[in-house]
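Let me begin by presenting the structure, written as structure tokens, before commenting on it.
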Amino acid sequence: MEEKFRLAVGIMGNAASMLLYSAPILTFARVIRKKSTEEFSCVPYIIALLNCFLYTWYGLPVVSYKWENFPVVTINGLGILLEVSFIIVYFYFASTNGKAIPVVLVFCAVAILSAFVFHDHTHRKAFVGSVGLVASVAMYGSPLVAMKRVIETKSVEYMPFYLSFFSFLASSLWMAYGLLSHDLILAAPNLVGSPLGMLQLVLYCVYRKRGTNNHVEQPLQKWDVENYSDNTIDEKNQRINNKLIVTTHDGNDDATNGKK
């Protein structure tokens, strides 16, 4: 019964992780549409790629005992494909490149050392899992950069909700899977990831409301906008002026009625 429950939690963790790794699709659809990476950071995706590499290796029979961690292999293998795709798109539209090279070097070093230096599954799991632990904590902590920007700008534009939500959900499920498997290497990084995911959601709720309340429509200036025609700008400015005239007129009527 316990084994079936553990497997069920692993399957749910796979589903949540698939949604987590797929969440940036909307972000990169925007990047492709605008042909610009804007203020989005590539750091979370590079660290996520390293994390997927390490845990795919961790779940393979070379490190783990037979296929005891098969769910870990399947979802992180899919994660590798998605993260590589996102990084390729990012660097295609960004002015910088080459940041993903250290990820490949770190993974190759870990794979070679674990395969040829350690000669039993226990020590291989301990070594690969320790490096994976650091990568996982970095992956769950990388949104702190976006959280800092949210606090400074009081805007959640560059911290996608679905990425935060699925990060919280996936880390919570994998924490449960690791505890049920009596595998602290799998559970430990998610003990950090789950609270950080919750913090992101709280931050999103707080600044999303503030951003909505503080939103004010500003007139467009011709020298600030390249993609609008003169007619569009004039029409929008005229619409704003009309709103101001109506508001002023209503205020004067109220004042007159008050005097009467």
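Backbone N, Cα and C atoms are what each Cβ position is placed from, and that goes for glycine too.
In TrEMBL, annotation is done automatically, which means it is predicted and not curated.
Positions annotated as transmembrane segment by TrEMBL: 6-28 (among others).
Residues or ranges marked as transmembrane segment by TrEMBL: 40-58 (among others). Here the transmembrane segment (40-58) has long-range neighbours at 21, 24, 27, 31, 64, 69, 72-73, 76-77, 79-80, 83-84, 86-87, 90-91, 94, 99-100, 103, 106-107, 110-111, 114, 125, 128-129, 131-132, 135-136, 138-139, 142-143, 145-146, 158, 185, meaning same-chain residues at least 6 beyond its ends whose C-beta is under 8 angstroms from one of its own.
With a cut-off of 8 Å between Cβ atoms, the residues of this chain six or more beyond the transmembrane segment (70-93) that come close are 7, 10-11, 13-14, 17-18, 21-22, 24, 28, 31-32, 35-37, 40, 42, 45-46, 48-49, 51-53, 55-56, 58-60, 100, 177, 186. The annotation transmembrane segment is assigned in TrEMBL to 70-93 (among others).
If you look up TrEMBL, you'll see 100-119 (among others) marked as transmembrane segment. Counting only same-chain residues 6+ beyond the ends of the transmembrane segment (100-119), those with a CB under 8 A from a CB of the stretch are 46, 49-50, 53-54, 57, 62-63, 87, 91, 127-128, 131.
The transmembrane segment annotation in TrEMBL covers 125-147 (among others).
The feature transmembrane segment is assigned by TrEMBL to 159-180 (among others). Residues 2, 5-6, 9-10, 12-13, 16-17, 19-20, 23-24, 26-27, 71, 140, 143, 146-147, 149-150, 186-191, 193-194, 196-198, 200-201, 203-204 of the same chain, all 6+ positions outside the transmembrane segment (159-180), place their C-beta atoms under 8 angstroms from a C-beta of that stretch.
Tertiary proximity for the transmembrane segment (186-207) is limited to same-chain residues at least six positions away from its ends with a CB under 8 Å from its CB atoms, namely 69, 72, 129, 132-133, 136-137, 139-141, 143-144, 147, 150-151, 154-156, 159, 161, 164-165, 167-172, 174-175, 177-179. Residues or ranges marked as transmembrane segment by TrEMBL: 186-207 (among others).
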